[in-house]
Amino acid sequence: MAVHFKMISRVSSSVVRRVANRSFAAAASSPAVLPELAHPYSAYEPNISATIMEIHHSKHHATYVNNLNVNLEAAEKAAQDGDANKLISLAPAIKFNGGGHINHTLFWENLCPPSDYTAPSGAILSEIESAFGSFDAMKSEMSAKTVAVQGSGWGWLGYNTTTKKLEIATCANQDPLEATTGLKPIVGIDVWEHAYYLQYKNVRPDYVNAIWDVIDWKVAGERLEAAM
């Protein structure tokens, strides 16, 4: 589910009602839903343990979904009341939990069992080589930048629709790539500790290195095609 937000400034209560009723109320009427995974939790072993996948999906992602729906419902009421202050106060929680839902939904989709892994080919490989020189060069750069994220966040391979080039970016916490940078998400790597700590402890580089072998480049290619 994609959730869209509008920045509101210098508005009267009547404008707040019109804007909010189109966005928050519409979103609240179609609540976020925890997506099912395409494979069992154990399917990504040994790269990602079944325990991590189960907790990550059924606990962490589920919490983002639940909190997003609670805050969207509160925003719907605030919109109906024309309460701009309440809407503004809810924005950080909607951004955080909405971003968590968007990011994790993209993350599950770009994973595959290691037995199903195939290297990128065709258009996405050509675009990677055009932007970075080689697939290995892209992996090296993205790995380094993702490992270097301070605290919690994400590493992304994204498509810039203005330059028509793939780029690497990182986002803090649950900030979603497109809303934060304008890049279309192609591949994302979650480097919150809950994504790897039970298996890889504090050695984030080992986790990032292992996750490359469960990236679904078919899905990545489809995302790139849609972005282009």
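Using N, Cα and C of the backbone, Cβ positions are placed for all residues, glycine too.
Keep in mind that TrEMBL annotations are predicted by a computer and have not been checked by a curator.
Feature annotations, reproduced from TrEMBL:
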- His56, His104, Asp190, His194: Mn(2+) binding site (BINDING)
- 34-111: domain 'Manganese/iron superoxide dismutase N-terminal' (DOMAIN)
- 120-222: domain 'Manganese/iron superoxide dismutase C-terminal' (DOMAIN)
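Residue counts for the domain 'Manganese/iron superoxide dismutase C-terminal' (120-222) under DSSP, split into helix (H, G, I), strand (E, B) and coil, are 53 helix, 24 strand, 26 coil. Mean pLDDT of the predicted structure over the domain 'Manganese/iron superoxide dismutase C-terminal' (120-222): 98.
When the domain 'Manganese/iron superoxide dismutase N-terminal' (34-111) is classified with DSSP, helix, strand and coil residues number 62 helix, 1 strand, 15 coil. Of all Cβ atoms in the shown protein chains, 25 besides its own fall within 10 Å of the Cβ of His104 (Mn(2+) binding site). Each of the binding-site residues His56, His194 was assessed for Cβ neighbours inside 10 Å, and the highest tally belongs to His56.
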